[in-house]
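Visitor: The structure follows.
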Amino acid sequence: MSTFIKDFIERETISRRNFLFATAAGFGAAAVPGVFGGGTAAAALTDPAIAWSYRDRASAYWNSVVSGGEAFVESLGKPKSALVSLINEGSTEKSLSDIKAFLAKNNGNCAIACDANDSPNARPVVEAVQAAGAYISTIWNKTDDLHPWDFGDNYVAHMTWSDVKPAEETARILFEAMGGEGGVVHLGGIAANNPAAERLAGLKNALKDFPNIELLDAQPADWDTQKGAALMASFLTRYGDKIKGVHCANDNIAYGVIEALRAEGIEDMPIVAYDGNPEAVQMVMDGQLLATVFTNPHWGGGISAALAYHAAIGTFKPSEEPKEHREFYGPTILVTARDAAEFKAKYLDSVPAYDWKDFWGPSNGQIQY
Amino acid sequence: MTRRISRETLIKWAPLLVLLALVIFFTALNPTFFSLRNFARIAIAASPALMVAVGVTFIIVMGSIDLSMEGTVSLTAVSFAFIFAQLGGSLAGLGWIAIPLTLALGGLIGLLNGLVHVKLKIPSFMASLAMGFVGTGAAILLTGGDIVKVSDAAFRGLLTVRWLGFPLMVYVAAFFLLVGWFIQTHTTLGRNFYAVGGGEDLAHASGLNVTRVRVTGFALAGVFYAIAAVLVVARIGQAESVTGANFMFVSITSVVVGGVALWGGIGGVWNALVGVLIVNVIDNGMVVIGLPDFLQAGVLGLLVILAVVLSTDRKMLSFVK
């Protein structure tokens, strides 16, 4: 027998055995509290392991999410290391297998916060968590037909951010700075990404109220600084002086746009961005950017872990909560020159101490489809 | 006989003809493409990519491949930004020392890369890819995912100060292109690259220390990646752990499009230059003529295939792997 076939059979046998173990463990974990507690506390866990499943550590955004998760576990009197990072590196397969491994390791005694990396992956993740009797809350990625209330208590909540309205607001600020007339270009995110589509849609909404503003071009810059710089340079060749304002899908693209303009000696172009990264907020204060939008990833990271944890220990019972507490929009804060300094002092220079039991205070209403 | 020579000549100059054809094509569709300011824009975008391409050309000429450029560029860019800030953050002061230190670091990473490849006998493809990951990981460790700004006006002069219409960074890239050409044609090392790439067994049998040539080649490539890193920071004024992203695709594509054969021994730094210009002209031109964005990736792929078909001599090849 070739080693390939031998190894393959061995691997399959082992993984089937692991799967059976994990399932048994899951049922066990679900059954144990029933034996000892009984009644309404049937589903509650004691001291569940807490994990955050996310993309990578190479971006300010996810670092901020994780810092929120860590702040939450510290508020429980645990060390930062009590928050387990499950890093999927942009791989859907890894996202699911890491979560399954985490469930198996802790016999389902888990509270998990997760961005499933892509929308279809949210379903298998949630099903695995429910089968193990653990608790999960998700952000960003899930399909429209997947709802927390269809999974009893185990799928605690889903949070996402609607980018249409804030992108529309930044566009209005941009158009007013342009004096209500002239050409504008949009540098977008990866074309297939939902936030990229929403941010462009926001710009188009604002255009309806400004008949003298012309959208010259909208092309993807893939959320990337260098791509943003190259694309802006090409736009300058094609449209030249017709460009009177620039609408960027995120801060990173705006950094590239500013540098492409600097290379041409253009210093006073009105530009708006999105994400509210510290560098961008500084640029708003310095007048290089007109506005950016902050989505408070620190709070999002902390509250997602808190929701899963408190549902798990029985602080509240998700199935008794209204739908707007199970699927809701996260906060968005517009940062402009007027309030940038105040914003920086409040959110960036010192991280506010959040009440991690105020689950829905800063949220923005039920998700609309 | 004359026909054979003319065919070889044609193949030799094909990449340049492809480049000229592209320029004429884009100019015909939008005359503003053919302007000094637009050429300067293309040159700015092409300068860092050219340095990466020149570095990897040496490796490809040896018949190996180096995929460590993304990690190396990220790590050297981030290190440069940190050292530069540490030394006062100004080119006018001690900040200039950061540049030679960064080049040395690039060489060191390349040296390690080469040693892993040669001493542990790991194929260059895998060894360099792994080293690239190590580089990216180290850059994440250093920055914690944050952006490091470099806003010293003197250093940014590489982008903002122009001479004859082109920013200084373009001349820096041109200078190092000449250095690469000098190494390729006027040094023993350069000729040894071709000896190894043309027939490693033969080179070895002739008494050439192939191991040494390989390790030196990777170290040299590392230095060029570090130059690219400094130019990227000059171009966008910041360094982060994703600074090197995309350079793998752009540089390898450019080198192959420019007529350097992946099986080694053929081509050189001029091919790298023409290849980088082809890729950047396509990138810029597609936007300038107003090609819809959903077509751009597909058209880029088709043009790359077309350019490779036209610019490499495949008649003598019995197989392609």
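Glycine residues also receive a Cβ, built from the backbone N, Cα and C atoms like all the rest.
Residues or ranges marked as transmembrane segment in TrEMBL: B:12-30, B:42-65, B:71-87, B:94-116, B:122-142, B:163-183, B:218-237, B:249-282, B:294-312.
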Visitor: Given a Cβ distance threshold of under 8 angstroms, which distant residues of the chain, six or more beyond its ends, lie next to the transmembrane segment (B:294-312)?
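Guide: Contacts with the transmembrane segment (B:294-312): 11, 14-15, 17-18, 22, 253, 256-259, 261, 278-279, 282-283, 286-287.
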Visitor: Does the transmembrane segment (B:249-282) come near the transmembrane segment (B:12-30), with 3+ Cβ pairs under 8 Å (pairs 6 or more apart)?
Guide: yes
Visitor: Who are the chain neighbours of the transmembrane segment (B:12-30) in space, where the CB to CB distance is under 8 Å and they lie at least 6 residues beyond its ends?
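Guide: Beyond its ends, the transmembrane segment (B:12-30) has Cβ neighbours at 257-259, 271, 274-275, 277-278, 281-282, 285, 288-290, 303, 306-307, 310-311.
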Visitor: Do at least three CB pairs under 8 A connect the transmembrane segment (B:163-183) and the transmembrane segment (B:94-116), leaving out pairs fewer than 6 apart in sequence?
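Guide: The answer is no, given that the two segments have fewer than 3 Cβ pairs within the 8 Å cut-off.
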Visitor: For the transmembrane segment (B:71-87), give me same-chain residues lying six or more residues beyond its boundaries with a C-beta closer than 8 angstroms to one of its C-beta atoms, as numbers and ranges.
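Guide: Hits for the transmembrane segment (B:71-87): 48, 52, 93-95, 97-99, 101-102, 105-106, 109-110, 113, 131-139, 142-143, 148-150, 152, 155, 222, 225-226, 228-230, 232-233, 238-245, 247.
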Visitor: Which of B:122-142, B:163-183, B:218-237 has the most Cβ pairs closer than 8 Å to the transmembrane segment (B:42-65)?
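Guide: The stretch with the most close Cβ contacts to the transmembrane segment (B:42-65) is B:218-237.
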